[in-house]
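J.: One structure, pasted below without further comment.
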Amino acid sequence: MSLIQNKVQKNTVIHVNFLEAVKKQYHYKLHAHHSMFGTMIIMQIIAGLLTFSNQIYSVNSNNIDITVRIISADLIIGLTFLWIIIMAFQLTTKASKNKMVTFVTSKQTNHLANILFMITLCFIGGLTANLLGAFVKMVVSVMDQTDPFIYFAGTSVSEFATGILATIAYMLLIASFFYLIGEIVQIHSILIIIIPSVLVGLLFILGVNVEPIIGFYIFTKSLSIMLVKTLVTAFLLFFAATLFGNRLEVRR
Amino acid sequence: MIIHCENVSKSYNASKVLDRISFQVTEQKITGLIGRNGAGKTTLLKMIAGFWHTSSGNLEVFGNDPFNNLTVSANTIFVDDQMAFPETLTLWDLLIEAGRFYQHWDAGLAGRLFEYFQFNKKQFHHHLSKGKKSTFNMIVGLASRSPLTIFDEPTTGMDSAVRKDFYRALLKDYLAHPRSILISSHHLNEIEDLLEDILLIDDGNLVLHTSIDDMREYAIAITGNYSQLDAWINGKEIFHKEKVGINEMYVIMKNDVPTEEIERYGFHISSVSPNDLAVYMTNKTRGGIDDVFDSK
């Protein structure tokens, strides 16, 4: 006991700034998920390879045969959508939250860091998916160059930019939706069964028409209006997600 | 005020795990949280760390309700054998990341401890053995120098050489950089020299909160003639009694009787170590383990 008698009391309660904490968590998540970017690239490359063998239409009339071949980044983008759904869900799991609690966190800083992380993923995913799609188109056009009757309808720069922005926007919408669902499901595990059942019931059994809802986002003619619709909805869904699960215990 | 715990209870699935615990930690000290398995030590520590809710009562850490509180999280680190880390980061990566979160992080100390315990920078946490995991977690806990450092049975799986090193490292670093430390264990005899204060918990109740010095004087062991001693102890607070030898009794009781009185009766007095006292104060079993195996 005599060893400890002469220690000096120091009152050093640390105060952390909320945004500083979010920034540190965000960087931590980026660092921890570095392998997911590789996974995404591989998924996109696989989709890219599959894109080479796709839709060919033939039209015949008297003397003219027309073969139309459509190459799009759809498959690549679709797989990237799947990837972001998985990433969004993963962030809501107990395992993910337990990892945050080891260091410095609060429910709110964790939500915000997750959202910033997902936004980053959407930007990167949206960009690489469209770039890969353009690459595939370029390869196809080079491959078929020998035939003089090929007419290659390329993509203009503005179309390309639209594609990237649209992909990013849709990814944000999807990410925010599944992040919200993931957070709701954490409240009680029974919801994992109830929520899909309700959705299946609505869609297939009751035949509720979701086209208007999806069409609201997809069938807009103007890019800027579509962006506004999508981003505002994504923001609202993300915000809603931060309202759930704040009373849940961790490290159970 | 570091920890203010007032009538705190915790119930989980209709069973009461902690029952109206009250205590305060007002100074930077090393406090041992001692008790049997299932006494409620981990529950109490996880509530202090802000992981779990209290069911009732008032719990404040650094003046705040610890649950979902960024200030408490920034000033606290909870070390046990289940600390969760991303599987994708190497041990060295984890130390670097920890350094970003904790203002008082000592990278030099972390590095030297890391080398001393022979870790490999490129290893992954989930590939470590149980004891190595505990050791690594301990390094993170020590190097963080968090104003409130909680160790929940930190020596799980550690071999005795590593345990000794851990206690020594903890003490040395604590003396150089004082902070509030809560360390739970059921091996009081091992950590006795490390502790300043003790919280003894039994079955969800706080049995004792005292300094380790006071605990050494808290009870005495008396041996003497069976019938004489048996008569004398009538009405006194007894923690343990048993028959020894042919006609003698061994009794452990609260130390509130003058020594001269005991010696006048011809009884023999000896001291009771905190570890033994803790065991006797929390002893529940009727009979012994042998009864399970003796055929009826």
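Cβ atoms here come from the backbone N, Cα and C positions, even for glycine.
Caution: TrEMBL annotation is automatic and unverified by curators.
Features from TrEMBL:
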- A:37-58: transmembrane segment (TRANSMEM)
- A:70-91: transmembrane segment (TRANSMEM)
- A:112-140: transmembrane segment (TRANSMEM)
- A:160-181: transmembrane segment (TRANSMEM)
- A:193-219: transmembrane segment (TRANSMEM)
- A:225-245: transmembrane segment (TRANSMEM)
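Let's see these features in context: how buried, what's close, how far.
T.: Below 8 angstroms of C-beta separation, residues 65-76, 78-80, 82-83, 124-125, 128-129, 132-133, 135-136, 139-140 of the same chain, each at least six residues beyond the ends of the transmembrane segment (A:37-58), sit close to that stretch.
For the transmembrane segment (A:112-140), same-chain residues at least 6 beyond its ends with a Cβ under 8 Å from one of its own Cβ atoms are 22, 25-26, 28-30, 33, 36-37, 40-41, 44-45, 47-48, 51-52, 69, 71-73, 76-77, 80, 83-84, 87-88, 91, 154-155, 160, 163-165, 167-168, 171-172, 175-176, 179, 238, 242.
Remote same-chain residues near the transmembrane segment (A:160-181) are listed as 73, 77, 80-81, 84-85, 87-89, 91-92, 114-115, 118-119, 121-123, 125-127, 129-130, 133-134, 195, 217, 223, 226-227, 230-231, 233-235, 237-238, 240-241, 244 (criterion: CB distance under 8 Å, separation of at least six residues from the stretch ends).
Within its own chain, the transmembrane segment (A:225-245) is flanked in space by residues 92, 107-108, 111-112, 115, 165-166, 169-170, 172-173, 175-177, 179-180, 182-184, 186-187, 216-217, which lie at least six positions past its ends and keep a Cβ under 8 Å from the stretch.
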J.: Taking a Cβ cut-off under 8 Å, which residues six or more beyond the ends of the transmembrane segment (A:70-91) line up next to it in the same chain?
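T.: For the transmembrane segment (A:70-91), the nonlocal Cβ contacts are 33, 36, 39-40, 43-44, 46-48, 50-52, 54-55, 57, 114, 117-118, 121-122, 125-126, 128-130, 132-134, 136-137, 140, 163, 167, 170-171, 174-176, 178-179, 181-182.
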